[in-house]
Amino acid sequence: MLPSQPLLHAAALALAVLQALASDTFIAAVYEHAVILPDATYKPVSPDDALALMNKNMDVLEGAIKEAAQQGAHIIVTPEDGIYGWRFTRETIYPYLEDIPDPSVNWIPCTDPTRFAPAPVQERLSCMAKNNSIYVVANIGDKKPCNSSDPRCPRDGRYQYNTNVVFDPEGKLVARYHKYNLFMSEIQFNYPKEPEAITFETPFGKFGIFTCFDVLFHEPAVVLVSELQVDTVLFPTAWMNVLPFLTAVEFHSAWAMGMGVNFLAANTHRTSMSMTGSGIYAPDRARKYYYNMKTEDGHLLIAELDSHPHLSPASPPAVNWSSYASSVKRFSPDDHDFEGLIFHDRFTFTELTKPEGNLTVCQKDLCCHLSYEMAGKREDEVYVLGAFDGLHVVEGQYYLQICTLLKCKSTDLNTCGQPVETAQTEFEMISLSGTFGTSYVFPEVLYSGVQLALGEFEVLNDGRFVSKTRPTKPIVTVTLFGRWYAKD
């Protein structure tokens with residue numbers, strides 16, 4: 001007997017669901033948003049005025065979400081501060097905050113908006129996800145009351161948190177993360193009492209989430225990857241680019257490679273604050289990225305990623321970051337070394353005086369080795385090999401070990417380490433390594449014009465970072481950026 005038509009439809013639907021659950025890839029989207037900012041004020045605005053400003057930003061985000069869904073995206077990440085901007089004191093941000101419940105309450109704000117306190121922003125985000133059948137990741141503010149029985153309770157009787165939320169394709173709140181490592185200017189927010197390691201399961205892998213400055217610290221960033229073994233990290237950010245190592249696209253792509261995960265980084269866009277640089281990064285290379293300091297436009301990125309990148313044949317091998325460098329004799333021990341500053345850190349440099357050669361520069365326990373060959377030594381450009389082994393103490397305290405080949409701003413060696421975006425010198429080959437004391441090393445390449453070297457460099461399992469082919473563009477910097485979390 002032949003099965004009935006309804007049974008055939010049910011079987012086809014079940015098969016489609018199973019195929020989706022078994023999907024080896026997914027489509028990711030990130031949106032770099034030119035945020036509409038509130039007027040600067042020392043007095044709180046009304047809740048209606050706050051919501052009106054947030055709705056203007058959500059109008060833009062909703063357009064990006066619809067477009068991403070139409071192009072097949074399964075998830076979209078939007079930026080930190082993307083709904084209300086910045087320019088706040090503790091008091092003036094309060095009208096923009098909502099009480100965000102724990103996701104365990106199993107809540108769909110779009111269909112049940114009155115279950116908790118008024119939450120029009122969560123309701124609208126939930127409806128964006130539900131109406132477009134897509135995971136939506138956004139950054140908003142959470143408020144939680146406290147009282148005198150809590151010794152850490154602020155005087156105004158509430159905690160205020162920089163918060164990421166995730167709504168699934170049904171509009172359900174599935175993740176809430178309170179930013180743990182606040183940047184120095186975030187006086188409007190409180191630190192959570194404990195770091196949170198937030199994960200959630202999807203049909204296309206295990207996801208984790210954190211915010212901006214968190215990426216430089218062990219908790220929660222390394223915990224999510226090394227201990228909880230997420231496949232993909234969601235990263236709303238408001239990243240102010242700092243050359244030569246902390247430009248968004250180079251560091252975020254390097255972090256994805258160094259940690260062996262997918263990394264979806266959505267940045268705010270504000271050129272007056274050097275805010276740009278979003279990307280969809282896999283461990284082997286950036287799949288899509290965007291960096292634009294010329295216009296004030298937002299931009300949508302969409303790319304396909306492996307659901308479980310650590311199982312992919314393209315996944316980079318395990319690396320012993322000090323193996324090669326510890327086994328070689330110091331190159332050029334008689335070369336003249338000198339000191340210079342990069343982002344307030346005092347590096348030891350040595351100049352590349354010849355068109356090809358082998359160099360070593362050391363600082364404390366870190367020795368950096370470079371083998372290189374230039375296409376031609378230019379008289380109007382100077383390159384140096386630099387090493388830094390120490391505690392960075394400017395906008396936060398964290399221990400770094402850095403080996404870098406970089407172009408100086410001019411032929412004056414006193415300019416080495418100052419921001420540079422363009423170069424003309426071309427290299428035939430490069431091999432960079434270091435005697436790192438940490439296994440957390442992030443390999444960066446930045447070409448002239450703030451462009452990434454997509455698939456043109458690779459990390460060998462003995463710790464050498466090498467050009468696979470002749471680099472196709474002039475180089476601004478090639479860097480191994482090491483974080484020694486245990487020494488913080």
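Every residue, even glycine, has its Cβ placed from backbone N, Cα and C.
Unlike curated records, TrEMBL annotations are generated automatically.
Here TrEMBL flags 1-22 as signal peptide.
What TrEMBL lists as domain 'CN hydrolase' is 31-307.
Note: Glu80 (active site, proton acceptor) has non-local neighbours Asn139, Asn162, Thr211, Cys212, Pro236, Thr237, Ala238, Thr268, i.e. same-chain residues 6+ apart with C-beta under 8 A of its own C-beta. The active site, proton acceptor annotation in TrEMBL covers Glu80.
All protein chains included, Lys179 (active site, proton donor) registers 27 other Cβ atoms within 10 Å of its own Cβ. The active site, proton donor annotation in TrEMBL covers Lys179.
Per TrEMBL, the feature active site, nucleophile maps to Cys212.
Taking the Cβ of Cys212 (active site, nucleophile) as centre and 10 Å as the limit, one finds 25 other Cβ atoms among all the protein chains shown. As a whole-number mean, the pLDDT of the domain 'CN hydrolase' (31-307) in this prediction is 97.
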